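Here is what TrEMBL says about this protein:
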{"type": "ACT_SITE", "residues": "B:80", "note": "active site, nucleophile"}
{"type": "ACT_SITE", "residues": "B:186", "note": "active site"}
{"type": "ACT_SITE", "residues": "B:188", "note": "active site"}
{"type": "DOMAIN", "residues": "B:5-201", "note": "domain 'Glutamine amidotransferase'"}
């Protein structure tokens, strides 16, 4: 049976992890490659690197981080942040990323999704959507960290990028993000039910039951989380055990 | 023993090269039959379209080369599209012939309510023939990483070494015949279990 995936996300700027990662067993908790190796050992199902400054100078640093990570970690790796062209995508994929994430650049230039899918296959293209509740059962798409509304309905936008060839949606609830009060289950279920590609739920994980809820009631295919794992509140193995106890299919820890 | 990775100009070879290097190999990248040299074990990784992959292999003279290689039962490891092209044809590109070294066809998942396509993520592969040379020491239901919308349907059931189920659909997750092994999942992205499989192959 297909397992639900657990995906730690590392925010990176200038080649360093930001927001902090507090693994006691790391020599340098700011080095994204070391953090990635630690999660690989914990048997995370995938990894996401998010380049949060994403200037063009920074991209070369990121390419190097991706290359060094891919030499050590044999799990799928997604890289997002600052990817604005097919050429940017190619750079990351050639360095060893398995998928690339686009967010603002897809909103400003939706044909980038088509072009990426055509050049590398849909399975490589993850569209990240930042959504904010605007009314009952209605969410708008935002960019710039949730500050700028772009006038799109989140469910409709997800359908459009699916049609354009996206292989997966990384869906962040701006209302829940950072609250540790749980994912937005209603939003996740609305998007997941509307499209035929997997949805990664993001934003709001405070405990393991939050993850189970969004995978179950929220119909998500994967959960993304940062601080809950970075600060060792829980390990990946604990999460998997908890999921299994609650009947969520997981890849067993081996 | 020396490993080679077939480069048909379409896929990203780095992941498989990284996996082989972690196992102490120094793989040769092979874009034409002349580059094979003294390579003993060939791997063909792939993420790509069936028709496009076959066309590129033919342009480089690699299609007939591979047919001979496999016909002589030399070690071959096919991944994803490198698995699919072994068969006669595919629903993905009905006008294109595969290598036809294994009988069968490649089909697309049929739609099911709530079933996401592509099949993406970690899924188990149930061994059907116990421990073969390549499929040894993996346990009863090892998990591997999959990402695909099409899968082979071998006409010779004896070739099948593992079965995978997605939704209500069960397909041949891997085949093994003589020194040929091929799988729909990505061992190079499947951590220790995947590396173990590749190591087993290098031992044949």
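Yeah, the Cβs are placed from backbone N, Cα and C, and that goes for glycine too.
Keep in mind that TrEMBL annotations are predicted by a computer and have not been checked by a curator.
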Near residue B:80 (active site, nucleophile), which residues of its own chain have a C-beta under 8 A away, given they sit six or more steps off in sequence?
B:45, B:46, B:47, B:147, B:148, B:183, B:184, B:185, B:186
Once near-sequence residues are set aside, which residues in the chain of residue B:188 (active site), 6 or more away, have Cβ atoms under 8 Å from its Cβ?
B:15, B:16, B:18, B:19, B:45, B:79, B:194, B:198
Whole-number mean pLDDT, the domain 'Glutamine amidotransferase' (B:5-201), equals 96
Starting from the Cβ of residue B:186 (active site), draw a 10 Å sphere and report how many other Cβ atoms land inside it.
24
